Amino acid sequence: MAIILKNGKSFNKDGVIERTELKIENGFITAIGSKLHSEEADEVIDVQGKLISAGFIDLHVHLREPGGEAKETIATGTLAAAKGGFTTVAAMPNTRPVPDTKEQMEWLCKRIRETAYVHVLPYAAITVGQQGTELTDFAALKEAGAFAFTDDGVGVQSAGMMYEAMKRAAALDMAIVAHCEDNTLANRGVVHDGEFAHRYGLYGIPSVCESVHIARDVLLAEATGCHYHVCHISTKESVRVVRDAKRAGIRVTAEVTPHHLLLCDEDIPGPDANYKMNPPLRSKEDREALIEGLLDGTIDFIATDHAPHTEAEKQKGINAAPFGIVGLETAFPLLYTHLVETNILTLKQLIDLLTVKPAECFGLPLGKLAVGERADITIIDLETEEAIDPQTFVSRGKNTPFAGWKCKGWPVMTFVGGKLVWQKGRE
């Protein structure tokens, strides 16, 4: 079946927006031009002047299945991804059970094939049960379909354990993806160790809790030659460590979340658990350093750390509620409105940070809008302004600090392998 998307616009190879029509056949892009022959298509879709982009890639998502289906499932999480314009996501392993054996990884891959709306890359755990005491069988997990290795949700506390993990990963040409948190410094914290924590008498998580862990790991990465990736970087000290490591030629990459780019602890209105995430919202100076790191290439791409929880869990109060917020359905509108329309990023930079940049970091054949590429495509309305309403989310999680924020840049159609998997108004 041949589909033509007509009356669109996209970036050409020189980074200039131009009129675009695009043909999809057998799951791939087969033609791009300013005017294609509609009679050659089985279906013609008029995108009415909207932006045609390669589908977004999110390499940090919690789909919660198995074991956390009250929060999210592979089906609901990937439909939320499609609604947000994401055509590929990577699923974190802090599920129950953890994908730490060949059999569990095979089960997970089968479940993904059966229920996912978008492409899902499954992470395997670094340690058995994510307990930090015994390494998993990396070779068997890779053979079973693991994308990379991480214990995200907790940091690997033992330097010796991480050193051995990096050696094994390097031998398999696989990445170690790290949640960086030194438990001896975390101090039972629930928010950043700053003015907000002090005002409300809350335990704080100091910046050094993260940066010390990263500093340790980049030296281990240098010693092993492993590709080491830093999850959800959040402090100015961490940015400095990663910048120095890159200058030294160490194979390190890093991601940042939309919420750490847009919010700081000064923005928290009170002890509201929808502002509780790990790492926490840091200082204004940290947020500015993250933006600077994104602009100078220290930080490689943006990932949401989509972390759905039930309403009941988030109503337990800021001390008892779990860490995490949702992000798949709001990431692009928030970033477009508050970084592009404010001239911090260009539209081309933002799209690259959500497409080609994550693909390049992990060697994925994704993220490009070109003839011969897989037809993973999102269509974006850059003009219509709407307020974020958690009750309209297709994710089971409604936990967001951005409720009521007015944004432009809403995805309206998402194609995965040439198949229309989500369209606004046809939910």
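Placed from the backbone N, Cα and C atoms, the Cβ positions cover glycine too.
Swiss-Prot lists ASP305 with the feature active site, giving sequence analysis as the kind of evidence. Annotation note: ASP305 (active site) sits in a coil segment as assigned by DSSP.
The Cβ of ASP152 (Zn(2+) 1 binding site) has HIS60, MET92, PRO93, ASN94, TYR123, VAL177, ALA178, HIS179, CYS231 as same-chain neighbours under 8 Å, each 6 or more residues away in sequence. Under the heading Zn(2+) 1 binding site, Swiss-Prot lists HIS60, HIS62, ASP152, ASP305.
For PHE323 (substrate binding site), applying a Cβ distance below 8 Å and a minimum sequence separation of six or more within one chain yields LYS276, MET277, ASN278, ALA307. The substrate binding site annotation in Swiss-Prot covers HIS62, LEU63, ARG64, ASN94, ASN278, HIS309, PHE323, GLY324 and rests on sequence analysis.
Annotated Zn(2+) 2 binding site per Swiss-Prot: ASP152, HIS179, HIS232, in sequence order. Secondary structure at ASP152 (Zn(2+) 1 binding site), as computed by DSSP, is coil.
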Other C-beta atoms within 10 angstroms of the C-beta of HIS60 (Zn(2+) 1 binding site) total 27
Whole-number Å distance separating the Cα atoms of ASP305 (active site) and HIS62 (Zn(2+) 1 binding site) is 7
Spacing of the two Cα atoms, HIS62 (Zn(2+) 1 binding site) and HIS232 (Zn(2+) 2 binding site), in whole angstrom, works out to 13
Cα of ARG64 (substrate binding site) to Cα of HIS232 (Zn(2+) 2 binding site), in Å and rounded, measures 18
Rounded Cα distance, in Å, between LEU63 (substrate binding site) and HIS232 (Zn(2+) 2 binding site) is 17
Taking every pair from HIS62, LEU63, ARG64, ASN94, ASN278, HIS309, PHE323, GLY324, which the record gives as binding substrate, the longest CA to CA distance in angstrom is 17
